[in-house]
Each structure stands twice: as C-alpha cells, then as structure tokens.
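Q: Shown below is the structure under consideration.
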Amino acid sequence: MNVPQTSTIRSSLPFFTLSVSFLLLYYPVVVKLVQDWGVDDNYSHGYFIPFIAAYMVWQKKEELAAAPKKGSLWGLVVVLMGLAQFALAWAGSEYFLQGTSIVVVLFGVVLFLWGPASTKIVWVPIAYLAFMVPLPAILWNKIAFPMKLFASKVAADAIQALGYTVLREGNILTLPNTVLEVADACSGLRSLTSLLALSAAMAYLASMASWKKWLLFLSAAPIAVVCNVLRLIGTAVLARYYGAVVAEGFLHTFSGWAVFILGLAMLAAVYTLLRPSPQTQ
C-alpha cells in the first residue's frame, strides 16, 4: 500500500535536492540583486522580471504537461558549466557573471530533470531572467556614451531646425542663456533596457508570426532613441525660456516618466499594427 507513496518520494528527491542546493547557493546573489533594483533606477524593472518569467511558463503549462519527461544527463554538464561560471565570477568578484549563471544553472536543472522537450518549451522564460541582472559598469558606459552623443547630435540638429541657436560640443548643448549637459542618465539606455524587457515579454506572449515577434522586440530600440531625443529637444526649448531649472529636480524626473509613457504608447501601437486582425486569426 505504501509503494506508490515511496515511489513518489524517490522521484521527487532529485528536484528537492537541486532546489534546496540552488537556494542555498544563490541566496546571497538574489539578495544583492534585490538591493540593486531598489537603488539603481536603471534596473528598477528587475522586480517584475521573475514574475513575468513565471507567467510565461504558466502560459505553457498544457504543453509542459503533454511533453515527454525524460531527463538527460547532459543537464548535469550544463549545471556544472553554470557552477564553474559562478565560481570563477565569485573568485573575481564579477557580479554580472554570478547573476547570469543563474540562467545557465536553471537550463541545466530543467534539462536534467525533465529532458529536452520541456527545456525547449521553457528556454525563453529562463533566458528572460537575464533582464534582471544589471550590466557591468564598464559595459554600461560603453553603450551609454555613444548613445548620449548620438542623442545630443540629433537633438542639436532638430533644435537648430526649429530656429533656435545652439552650440554642441560632444554631449554639451550651449544655449544663449544656459548650458545643458546630456549625462549618462539622459542617454536613453535606461528606457532602452526597460522597453526591451517589456517588448520581449510582449513578443513571446503574442499570437503572431515569428518575424513579427522579432520586429516587435527590436522596435524597442528605435522607440527608446526617439523618445530620448524628444525629451532632449523639449528640455532644451524650455531651458531657452526658463533656464536650466527645467532640467533639474522634479521636472527632470517628470520628463523622464513622460517620455517613458510615450515609449509604452508607441510600443503598444507597434503591437497593434502587427497583431493579426480577427478575420485572419
């Protein structure tokens, strides 16, 4: 009478063991991630990423239930690769590689416990977790610097086209009555990371052709750039009349939220254009 129960316990033992080991190993990393989300506005969206990934998996629950459950020993190889990445990153105090090793280890665990079929179904939600890990500062700066130079140039050209006098030197915009510096926070990279995370989720969950999914995902990049340039133009024009105060404090924060909402609206518009009509579904 107790055989089925014993069999269930034995079959659950690998999952339980790996889960406990995973939690013990990555607890400090997860704590650091949560702390970063709270203090780094560039990654405040990190709070939502695990829940969105979980919802992605939930949406595939019927496919997962029907998939053959045949674990693969290759999963252990992937787990060991992830653990090696974690160990090297920990030894070198490289936080980004510690965080992204979570993704590698989870891939391996799923492959080992449930096999290739299940892994194929959930690989995107697992990979999506990478959006919650802050980029290394050196990589962030390498991306942010050319972005703010590009935004400064386009904004300066647009301001001149509107009939205003402006002199650009790198990321410095000099107006007749004030000087504006396009800082890293105004590079548009913050909006880009958030919009990419959102567009990736929208593309994955949308019922549309693969090329449309990719187009929706990639549209986040030009949308973020356009919104940031519009923010710089608006700030410069207002600064021409009211001074640099419009680029500071509450007004600066408010303009950031305003253009981000505009970015969300533009992303929603792209989704609406790409979504199949009811007649073609």
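Cβ coordinates come from backbone N, Cα and C, glycine included.
Annotations in TrEMBL come from automatic prediction, not curation.
Note that the structure is predicted; figures quoted are calculated from it, not measured.
So TrEMBL lists the following for this protein:
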TRANSMEM  12-30  transmembrane segment
TRANSMEM  42-59  transmembrane segment
TRANSMEM  71-89  transmembrane segment
TRANSMEM  95-114  transmembrane segment
TRANSMEM  121-140  transmembrane segment
TRANSMEM  188-207  transmembrane segment
TRANSMEM  214-242  transmembrane segment
TRANSMEM  254-274  transmembrane segment
Q: So which of 71-89, 95-114, 121-140, 188-207 has the most C-beta pairs under 8 Å when paired with the transmembrane segment (254-274)?
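A: By Cβ pairs under 8 Å, 188-207 leads among 71-89, 95-114, 121-140, 188-207.
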Q: Give the one range among 71-89, 95-114, 121-140, 214-242 whose Cβ atoms make the most pairs under 8 Å with those of the transmembrane segment (42-59).
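A: Maximum Cβ contact count belongs to 121-140.
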